[in-house]
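Below: the structure, in structure tokens.
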Amino acid sequence: MIVSKNINLIEKSFQPILILLHITGLESLPHNRFSEKNCYRNFVLKSLQYLFRILQSVAVISRIISSTLLFDNKLHMVLFILALLQIIVNLQTRKSRKQIYLVLKTLRTCTQKLHCFQEGRKFQTSIFAYFVITFGLCFVYIISYFYSSEGQVFKKHIMLSQYASQEVKQFFIFVPEILMITTPLLSALLFISLTGYYGFVCFYAKFLFNRIEEKIKDLRKDCSCMSIIHTYVELTTVLESLDEFFSFSAFIIVLSSLAGLFYVNFGIHLNCVADVLHFLAAEIWFSIFVCMVILPASTANSALLDAKEAIYSLPGKVPQHYYDLEVLIRSDCMRDVSLTLWKIYKIDQSLILSALGTLMTYGMLLATMGNAVKSNPPQA
């Protein structure tokens with residue numbers, strides 16, 4: 001009874017993420033949750049799904065309008081492309097909706113085999129804290145927008161647009177406010193759910209790989225180690241599934257977040273000091289998204305390699321089953337598995353330093369160009 005309760009705690013820990021993924025159209029919750037007894041919950045979730053689609057439509061239409069009115073503004077064209085990439089990520093991850101819950105079932109099975117249930121409650125607290133912090137930063141960013149100069153600059157650019165008449169521009173004067181509400185909310189619903197799922201699954205897999213390594217180190221010669229090998233193979237399939245179905249999403253999240261950081265830092269350089277709270281909330285928000293992809297994935301890759309080395313040492317620890325273990329390890333444990341960004345770049349912790357270095361280089365370049373333009377204005 002206690003074991004069953006501890007196993008269910010793993011699913012309960014990921015419940016907020018599964019609900020949010022379900023709202024964004026990924027159908028991540030098992031169908032048996034929607035029985036006649038839960039018809040009210042089913043109705044609420046369906047309503048939230050429709051609201052998400054409406055929000056998505058409004059955000060896309062508003063972004064198209066702003067990009068059309070500000071066709072010469074390259075920044076808004078880049079934001080339009082990033083908005084399209086978010087929609088593509090949402091559509092692409094819908095193909096992996098079945099894998100979302102299957103991965104958690106595999107983690108639950110591995111947890112049962114390794115007899116390590118104590119971390120479930122810690123993950124539940126961490127996921128709840130992650131949701132509170134990220135959604136809190138999102139609301140701070142939206143509210144602080146109405147007290148910043150960014151909206152006034154946006155409206156000024158729309159009113160000075162050459163691609164619409166004055167009457168049309170007056171009709172679309174509220175587009176900045178609509179975008180500032182819909183775009184962060186849409187990004188929050190998509191990115192918080194995906195980064196939360198991807199990051200905490202990686203952290204949990206890393207914890208289980210470490211547990212395998214500890215069990216092998218404490219293994220006695222008369223103990224059976226077949227279950228440890230099978231658990232290791234199941235965990236590698238978890239990472240394979242993550243890389244197969246979420247590597248593109250991870251790439252787009254990192255790319256969009258780095259673009260957001262660049263936009264925010266450039267905004268701090270150009271706007272007044274009163275907008276610092278607005279941009280600071282966005283900077284922390286985008287930094288969390290980058291870290292929630294790179295850090296968990298890199299630690300999972302590192303833990304996998306450590307566990308793999310421990311698995312290779314098993315034949316020497318259990319000499320009476322040397323040949324059987326050698327055959328099993330060579331047939332099932334020789335695959336090279338790692339989490340990547342769109343199957344192009346293996347994720348490691350040095351990627352954060354590389355990304356920050358690139359941001360600083362381009363930031364200093366643009367700042368230098370901006371200062372040069374200010375000091376040497378064009379002659380009439």
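Cβ coordinates come from backbone N, Cα and C, glycine included.
Lifted from TrEMBL, the feature list:
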TRANSMEM  50-69  transmembrane segment
TRANSMEM  75-91  transmembrane segment
TRANSMEM  127-147  transmembrane segment
TRANSMEM  185-209  transmembrane segment
TRANSMEM  245-264  transmembrane segment
TRANSMEM  276-295  transmembrane segment
TRANSMEM  351-373  transmembrane segment
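Beyond the transmembrane segment (75-91), the same-chain residues lying 6 or more positions past its ends with a Cβ under 8 Å from any Cβ of the stretch are 24-25, 56, 59-60, 63-64, 66-67, 183, 186-187, 190-191, 194, 248-249, 252-253, 255-256, 259, 263. Here the transmembrane segment (245-264) has Cβ contacts under 8 Å with residues 75, 78-79, 82, 85-86, 88-89, 92-93, 95-96, 99, 187, 191, 194-195, 198, 279, 282-283, 285-287, 289-290, 293-294, 297, 339-344, 347, 355, 358-359, 362-363 of the same chain, all six or more residues outside its ends.
Counting same-chain residues at least six beyond the ends of the transmembrane segment (276-295), those with a Cβ under 8 angstroms from any Cβ of the stretch are 130, 133-134, 137-138, 140-141, 144-145, 147-148, 150, 191, 195-196, 198-199, 250, 253-254, 256-258, 260-261, 264-265, 267-268, 347, 349, 351-352, 355.
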